């Protein structure tokens, strides 16, 4: 280097913070897409579905086999993702109709149901392992893209589309809950199941709709997660803890709380990498959950329960 030449400087702290914020919004959007269905399931059935992460994985893997798999049709990712969402929704409905509804009718307790979800999670995860294998994979399209420079922020068109679509889907869920009869029934069932049933609401139908919606959203989130990271046989299980963290942080049983909490978890996870090793980002997100619950035990949008 000639004397007098300037030494190239890396991005400053503010630039890196803005980049981490954008990455956190994207990560939070993916968590929110997957967590909102899990929150609705808990709100309407009080079931903690430990197998929800496997619906995320199945969505990503189905899209992969349709898009890239050697024996697959080699479709573009968009129709592959659409089919994966439909399969995720159908699988969610099938699990509710074929397993959870009969168990509820038999009066099986919530603790026993929770243990069954753990077993279902292990079963589905290892079925995926048999067909998919342990080798990480990626989709054919949008694998490597040139980032768009928006001032100090660099973001690929793929990531920009993921954020935009995630926000649109979450707004669609909010519209469903607030502006449709089905959404009103879901909110009524979450608020007071006995009163909802006494009011003439078909509880079984509403719960089935929630499971179908939750399965479809989980599959969509799996495709988005596979686009931003890599596709693995246990990717949904690894995301599950952050889903639960977002739901608890936002307020148990609140779909809007799950959305807000998921964004907070995603942003904290990414922002923590400014100071700490990236391997610890999930730990700092969970620490943020603990801090918020110490200050506000019911979560950000949750309602305090009255005792006595």
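Heads up, the Cβ atoms here are built off N, Cα and C, so glycines get one too.
The following features are taken from TrEMBL:
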- 24-43: transmembrane segment (TRANSMEM)
- 55-71: transmembrane segment (TRANSMEM)
- 77-95: transmembrane segment (TRANSMEM)
- 107-132: transmembrane segment (TRANSMEM)
- 160-177: transmembrane segment (TRANSMEM)
- 206-227: transmembrane segment (TRANSMEM)
- 239-267: transmembrane segment (TRANSMEM)
- 274-295: transmembrane segment (TRANSMEM)
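Most Cβ pairs under 8 Å to the transmembrane segment (24-43), among the stretches 77-95, 160-177, 239-267, belong to 239-267. Long-range Cβ contacts of the transmembrane segment (77-95) within its own chain (Cβ-Cβ under 8 Å, at least 6 residues beyond either end) map to 37, 51, 55, 58-60, 62-64, 66-67, 120, 139-142, 208, 211-220, 222-223. By the Cβ criterion (under 8 Å, sequence separation of 6 or more), the transmembrane segment (239-267) is in contact with the transmembrane segment (160-177), since 3+ such pairs are found. Each of 55-71, 107-132, 206-227 was scored by its Cβ pairs under 8 Å to the transmembrane segment (160-177), and the highest score goes to 206-227. Proximity of distant same-chain residues to the transmembrane segment (55-71), defined by a Cβ-Cβ separation under 8 Å and at least 6 residues beyond the stretch ends, is recorded for 34, 77, 79-81, 83-85, 87-88, 91-92, 124-125, 128, 131-132, 137-141, 214-215, 218-223, 225-226, 231-237, 239-240. Outside the transmembrane segment (107-132) by six or more residues, the chain places 46-51, 53-54, 57-58, 61, 64, 95, 99-100, 231, 233-234, 237 with a CB less than 8 A from a CB of the stretch.
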